[in-house]
Each structure stands twice: as C-alpha cells, then as structure tokens.
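Written below as structure tokens is the structure these notes are about.
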C-alpha cells in the first residue's frame with residue numbers, strides 16, 4: 001500500500017501565504033481543512049507552512065508526506081443523518097522545525113506573499129517567558145518567536161505598511177489576540193527594538209481574538225487498518241473530527257473578503273466582539289453538559305450519546321436549554337436556538353463516545369461558571385428558580401456520594417470538595433445532619449461560589465427537596481416530572 005506523497009498523488013499546490021505555529025490534530029482538522037475548502041472553491045490560492053514551535057521529533061514531520069494528509073469528518077449532519085466524509089488535504093505545503101531550521105524560519109518573513117499567521121500552541125503557549133532574548137535561535141515562548149519573525153519582516157521590507165500580517169491565534173484563552181499582541185509589544189520593548197517597529201506593529205498588523213469550536217478526535221488508532229483499506233493508501237497523519245465546526249473571529253470586516261468567505265461561506269463569523277459568542281458556548285454547550293452529567297450518570301447511563309438517546313433524559317436537557325438557559329442570554333433568540341440545535345446534534349454523534357465521568361471532572365467549578373449565572377439570572381428575571389437548573393445542582397450534590405447502584409465510582413475534583421463531601425455524606429448517613437442542613441453548608445461556601453447562595457430566596461429549600469426526591473425515589477423517578 002502506497003504512503004501519501006505528491007508524486008504518487010498529484011494535485012493542486014498553492015503558493016505559501018500562511019504561517020501556522022503548531023502541527024497538532026486540532027489545527028489540521030480545523031484551520032487547514034477550512035483553507036483547503038476555500039482553495040478548492042475560491043481563488044484564495046493559499047498554501048500553509050507549518051512551524052513546529054517546540055523541540056520534539058514526535059510525531060514525525062508532515063513533510064514526510066509532502067504536507068498531504070486525510071481528514072475524516074463524521075457525525076450527524078443538519079438533517080440528523082450519520083455522515084462520514086474523507087478528504088485529502090492539500091493546503092499544507094511543508095513543515096519546518098524552528099529549532100533545527102531557524103534560518104528557514106526567519107526566511108518566511110522575506111516572502112512578500114505571506115499574509116496570515118494562525119497558531120495553536122496550547123493554552124500555556126501565549127505566555128511570557130522571562131529570559132527570552134532577541135538573539136536566541138530560537139526564543140522559548142511562542143510570543144517571543146513571533147516578535148522576532150515580525151521584526152525580521154519589518155526590517156526586510158523597510159517598515160512597508162502593506163507588508164503587515166493578520167494574526168489569528170486559536171489558543172483556548174479569553175481574548176487570545178489581545179493577549180498575544182500585549183506580549184509581542186512587551187518583548188519589543190524589553191529588547192529595545194526601534195519605536196518605528198512598535199508603530200508598524202500597530203499600524204500594519206491585526207491581532208484577532210477568536211473562539212474556536214470543534215471536537216477533534218485525532219488519529220483513529222483503533223480503526224486505522226479499516227480506514228486505510230477504504231482509502232487505498234497509508235496515511236500516518238489521519239485526523240478525525242466531528243461534523244460541526246464554528247470559527248468566530250474578532251477582526252476587521254475586510255477579513256471576510258480577504259479569506260474569500262464572501263465567495264464560499266463557511267461557518268466563520270467575523271464580529272466586533274467575541275464575548276457574547278463565548279458566553280453562548282459556555283452557557284449552552286458547556287452548561288448543557290454540566291447539567292446532563294450528574295442526572296444521566298445517576299440514571300444509569302455512561303455516555304453523552306446514551307443520554308441523548310434516552311427520551312426522558314434528552315427531554316430534561318432540551319427543556320433546560322430552551323426554557324431556562326436561552327431566555328437569559330444576550331443574543332438574538334433565533335441565533336441561540338440554531339446553536340442549541342447544533343449542540344444537541346453534536347451530543348448525539350454516534351462516532352464520539354464521550355464518557356460522562358470524564359466530563360464530571362471538577363464539577364463544582366464547572367457548575368459555578370457554566371450554570372450558576374443562568375440560574376441566578378432566571379431567578380432575578382422571573383422571581384422563581386429555574387426548576388431544571390436547580391435540580392441539576394441537587395443532582396450534582398448527590399453525585400458526590402460516589403456510589404451508583406451499590407458500586408463506587410471515581411469522583412475527581414479538588415481535595416477540598418472531596419474531603420468536604422465525604423464528611424457531609426458520612427454525617428448525613430449517620431443522621432447527624434439532615435438534607436437541608438447538608439445543602440445549606442454546601443451553598444454557604446462563599447470562597448467557592450463567590451457569594452453566599454443561602455441568601456438566594458428559596459434555593460436551599462428547593463435543592464433540598466430535589467435532593468430528598470433523588471435519595472428516596474432514585475434519579476429516574478425524581479427527574480421524571482421535569483422531562
């Protein structure tokens with residue numbers, strides 16, 4: 001069986017216009033996949049040079065396959081049908097290592113056609129590293145490497161304003177573009193680079209903050225033999241991902257034209273502020289996960305897919321989203337409902353086995369950040385507590401018993417909560433404290449909740465009633481009236 005290369009698999013090759021820091025699965029099934037579609041359907045005509053930003057020889061370089069690799073996108077489409085689509089990606093030309101090919105790395109700045117910089121160097125990638133110097137070959141941190149590359153471009157083109165770059169980080173931190181820009185400016189000042197360069201950074205370059213959303217499941221180790229048999233070739237860089245994707249970019253409106261999104265619309269939004277989209281994702285996608293997990297798991301289910309195929313649990317989650325979360329969010333309702341519909345479709349994806357226990361990690365913090373704001377906003381708006389979000393809190397407290405049908409399961413959270421719950425549930429079993437007292441102790445933890453939740457009218461009583469129902473009847477019976 002042949003291995004992918006451009007000689008045996010000839011096809012389009014595009015001029016290099018994009019630098020990409022990061023060779024991982026996510027960028028290849030997200031950014032490079034989108035660039036490939038735009039190259040095919042428009043005159044974007046842009047090839048990607050992947051820069052490996054860390055010193056590692058594993059995985060091997062994409063250049064061993066001349067930049068070629070296959071994405072397999074699978075999940076439920078807009079009609080709810082299971083689809084699996086294999087695509088040979090030709091947008092990547094080559095990969096270089098900034099550690100072993102530093103001169104080649106700097107030379108990227110000399111190419112007048114270079115226009116975009118994408119990156120995903122993990123959440124820790126956009127950070128300051130004390131001691132990074134201009135003359136390091138290379139510096140340690142990604143922002144320092146980028147500063148050096150930008151200065152190379154500024155110098156090579158004598159500060160030409162038409163030679164700036166559009167810089168689009170995909171790291172999962174809030175306002176990643178702003179954070180990256182601040183660090184680049186910090187290095188420029190630390191290294192005493194000319195004032196003209198600092199002005200050029202602001203005048204000629206755009207740092208765009210982003211929200212990225214796609215579950216990328218990466219190399220399909222367990223299915224490789226079967227998939228390669230179907231494809232008819234060997235691919236060491238096979239990359240799998242879900243059908244859904246969303247790319248929100250906070251940047252100039254002209255970006256839509258530059259990326260040719262006006263000619264071939266993708267699920268890419270160019271916006272003035274990513275904040276409402278971030279809030280939407282946290283509240284609907286992450287919030288639904290967090291509400292679902294303790295309810296579904298204690299109802300005897302193990303994966304998100306099983307939960308969504310269970311009529312009662314699915315109804316509970318959908319009503320929580322549409323009746324209690326969406327009404328308190330600050331975006332047009334049709335946009336929110338469209339996003340919610342995509343989310344529930346993603347939860348049903350038969351190709352992804354998302355274990356409920358893995359999502360349950362740090363459940364107390366997740367509840368505070370993902371559900372509590374909507375619970376409190378709903379109570380404020382209507383004067384009554386949202387029934388399902390409140391029930392989800394009771395289910396979460398019950399989950400920390402660590403026992404289902406007589407069998408124990410691992411609960412992962414910070415030591416404070418694990419010890420606290422062990423003590424509280426032990427006291428409850430010994431009838432030292434009642435359910436309402438247990439709930440009041442949990443809700444009074446100001447350091448965690450950032451307020452005293454026992455002061456929210458009716459919250460202790462309702463959570464305690466729900467918790468008693470769960471303990472006395474079991475999760476199935478307790479949740480049924482809310483389905």
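A Cβ is built for glycine as well, from the same backbone N, Cα and C atoms used for every other residue.
Listed in Swiss-Prot for this protein:
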type	residues	note
BINDING	18, 19, 20, 21, 22, 23, 24, 25, 26, 27, 28, 29	NAD(+) binding site
Fewest other Cβ atoms within 10 Å: which of the binding-site residues 22, 24 wins that one? Let me know.
24
Neighbourhood of residue 18 (NAD(+) binding site), C-beta criterion under 8 angstroms, separation at least six
35, 46, 47, 48, 49, 114, 115, 116, 117, 118
Between the binding-site residues 20, 26, 28, the one whose Cβ has the fewest other Cβ atoms within 10 Å is 26
Using DSSP reduced to three states, classify residue 24 (NAD(+) binding site) as helix, strand or coil.
coil
